[in-house]
Amino acid sequence: MRPRATTICSLFFLLRVLAEPAKNSDFYLPGDYLLGGLFTLHANMKGIVHLDYLQVPMCKEYETKVIGYNLMQAMRFAVEEINNDSSLLPDVLLGYEMVDVCYVSNNVQPVLYFLAQEDDLLPIQENYSNYVSRVVAVIGPDNSDAVMTVANFLSLFLLPQITYSAISDELRDKVRFPALLRTAPSADHHIEAMVQLMLHFRWNWIIVLVSGDTYGRDNGQLLGDRLARGDICIAFQETLPTVQPNQNMTSEERQRLVTIVDKLQQSTARVVVVFSPDLTLYNFFNEVLRQNFTGAVWIASESWAIDPVLHNLTELRHMGTFLGITIQSVPIPGFSEFRVRDPQAGPPPLSRTSQRSTCNQECDSCLNGTLSFNNVLRLSGERVVYSVYSAVYAVAHALHSLLGCDHGTCTKTEVYPWQLLKEIWKVNFTLLDHQISFDPQGDMALHLEIVQWQWDLSQNPFQSVASYYPLQRQLKTIQDISWHTINNTIPVSMCSKRCQSGQKKKPVGIHICCFECIDCLPGTFLNQTEDEYECQACPSNEWSHQSEASCFKRRLAFLEWHEAPTIVVALLAALGFLSTLAILVIFWRHFQTPMVRSAGGPMCFLMLTLLLVAYMVVPVYVGPPKVSTCFCRQALFPLCFTICISCIAVRSFQIVCVFKMASRFPRAYSYWVRYQGPYVSMAFITVLKMVTVVIGMLATGLNPTTRIDPDDPKIMIVSCNPNYRNSLFFNTGLDLLLSVVGFSFAYMGKELPTNYNEAKFITLSMTFYFTSSVSLCTFMSAYNGVLVTIMDLLVTVLNLLAISLGYFGPKCYMILFYPERNTPAYFNSMIQGYTMRRD
């Protein structure tokens, strides 16, 4: 505490020297408890230089700030309204003492004046718990730099300070500024409102201009940090020359403005965000007008969003669309008339009880300036004005509670700053239908509004077009905006146009907003929630066309009954089944005839039965595969077909043995006959086939699988075997071997008696089977599409028909149409003729 006290001591002498009588009742109202007010009524725009820093600047020499006077009038109006309210602070007269701080030039002296006692003494103490200052609370000032300067002094005394427009996030630090509160939303809410506005209109390529002071740097940094998390890029950021209150603009600063506007002209960005006090912008916008930079969207920070003097530059209407972030408009009944009331025309001012006052308490041109801008101020609504108004009421309610005024009377006791501060933190009341309270950071959650500048005299110059709600952090109720564009179209400010659905971004340069759009390849899609820069592959059961944002289910392909190929194959299978059934009946009725006996006798019925079963298996190839149908395809049908071929091979071998090998190898033939050689051979072949089938099923399983059609990726082929090609080679190997054996023995018996010569029939059947199987294997080695199943089924049915009609058909023909050749005598004569020819 001692260093701060020493500082106060060193400035005490300055305080005594600068005291002078008050001249204007606008700045002072006596009362039981005084409020201090710090407002910017003047600001340096003329470049006046002060060489003597020991003298406080004379603010009246600067340009009048109409907004500042408007805010000061709001404090006067609130105090007078409270004094006339019998329910709030009854029997207590609230007074005020207000000072013009000239923006940042005159902050320290008024603070010392407020902290001093009535005798202008500010004692050096170690404990200020029981210290009573001239004012009980301070309202203001308006900018963050000035607020921090004032707060550093007031915090030592825990004297309540409520600022109405400073938004810097640094002010939320209650360790540094324990006595500071504010009735304006913090900077992060202003930034969030801007960002949501830009996102709403899809502006992702912006320019940021900041002033060189703390306000510009801090808010520019906040915006940059916020945009680092989103999809908005800053094309470039420039610092505007800041005209200090004690200097003219230099030639370098003027050249700097020219350079900045040149960059604006050359940039493709058409949204310009400006964080700067209004003082810095007059020269800047004059340069913008000089270079005729048009077509931009200007987004104003709260420091100049509703500045009537800047708005008075009517040529700005041709420069583009002006949008600003400001506090919501809350009309205050009676204030519009009060603002322009001449204090000399009203009741005579009360005489001061103290002969001492501070400097910069005069503003000869304020009322005239307010009158000239009164229409703009009236139409724009009471925005920041309400922040001052609510700040005064917050102090009044806290004082009401501290003085125990709830029962109609107040106890007028000394008020220590820390006591009042404690009560201000607790206030919670409704003022003009708005809840007034402070959060733990000392902020009041007032809504923000997006306003558009209008220059139509019949309209509000600052027309509200949207609202931002800090508690929800959401921008709502966006209304139509009058864009200064052809056909009133929304301006476009994008480094790159948005990619269409199904296009990935390819970065160009260092900005994430600058990119090329590349179509996603077929079979891939773009999931923007995961990665906008890489297309993701579709799941195995899905597919996509080029430039798709999602995948669709692949069509499952399998044989269906309504398809023409299936119908053709089904008709062939039905023909084969009926033909085989007819052959079976014919053979049954002529079982004892030599023709049936020579064809194999009982073995023929085994073959015909297996052929019927094989024909019955054909329907399981149609429809979606199941475990049961896959079993029939992979086990039942191959087994039946192999046994049929083995019967033909064994039968051809047996005929050759009878006529050619029995005489040469009688003992071997006797063993063949004695031990049922044909059936043993067939049993062996059957067991061997069963082993191969079981091995195949164990290797591949019976569960249906899917594979992508190589000709059409949109189709997923459903099959019983993922390695169908290899399985086909494995399963047909034995059958091909048997067909070759049968063909060989049939060829060896081509000279046998006509009734026993089956060479041409077996050759026809086996050659057809061999050729079709080899053709199918060749086809599958080159093609793996949806036609594989139908080709496999077609070859299967044709092979069955080759056996049914090619092997058994001629025998039935002989039985039915040449019965005279189906007699034992005829067969014996044919055998005798063969024997005689051999001899």
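Cβ atoms are placed via backbone N, Cα and C, with glycine included.
Here's what Swiss-Prot has on this protein:
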- 1-19: signal peptide (SIGNAL)
- 20-566: topological domain 'Extracellular' (TOPO_DOM)
- 567-587: transmembrane segment (TRANSMEM)
- 588-602: topological domain 'Cytoplasmic' (TOPO_DOM)
- 603-623: transmembrane segment (TRANSMEM)
- 624-635: topological domain 'Extracellular' (TOPO_DOM)
- 636-656: transmembrane segment (TRANSMEM)
- 657-681: topological domain 'Cytoplasmic' (TOPO_DOM)
- 682-702: transmembrane segment (TRANSMEM)
- 703-727: topological domain 'Extracellular' (TOPO_DOM)
- 728-748: transmembrane segment (TRANSMEM)
- 749-760: topological domain 'Cytoplasmic' (TOPO_DOM)
- 761-781: transmembrane segment (TRANSMEM)
- 785-805: transmembrane segment (TRANSMEM)
- 806-839: topological domain 'Cytoplasmic' (TOPO_DOM)
Surrounding residues of the transmembrane segment (785-805) on its own chain - C-beta under 8 Å, 6+ positions past either end: 557-559, 565-566, 569, 572-573, 575-576, 579-580, 583, 607, 611, 614-615, 618, 621, 637, 641, 644-645, 648, 709-712, 715, 717, 719, 724, 728, 764-765, 768-769, 772-773, 775-776, 779
Residues of the parent chain within Cβ reach of the transmembrane segment (761-781), under 8 Å, 6 or more residues beyond its termini: 645, 648, 652, 724-725, 728-729, 732, 735-736, 739-740, 742-743, 746-747, 788, 791-792, 795, 798-799, 802-803, 806-807, 810
Cβ-Cβ under 8 Å with the topological domain 'Extracellular' (624-635): same-chain residues at least 6 beyond its ends: 556, 558, 617, 693, 696-697, 700, 702-704, 718-721, 727, 731
Positions on the same chain near the topological domain 'Cytoplasmic' (588-602), where near means CB under 8 A and six or more residues out: 647, 651, 755-756, 758, 808, 811, 814-815, 821-824, 826-827
PLDDT averaged over the residues of the topological domain 'Extracellular' (703-727): 76
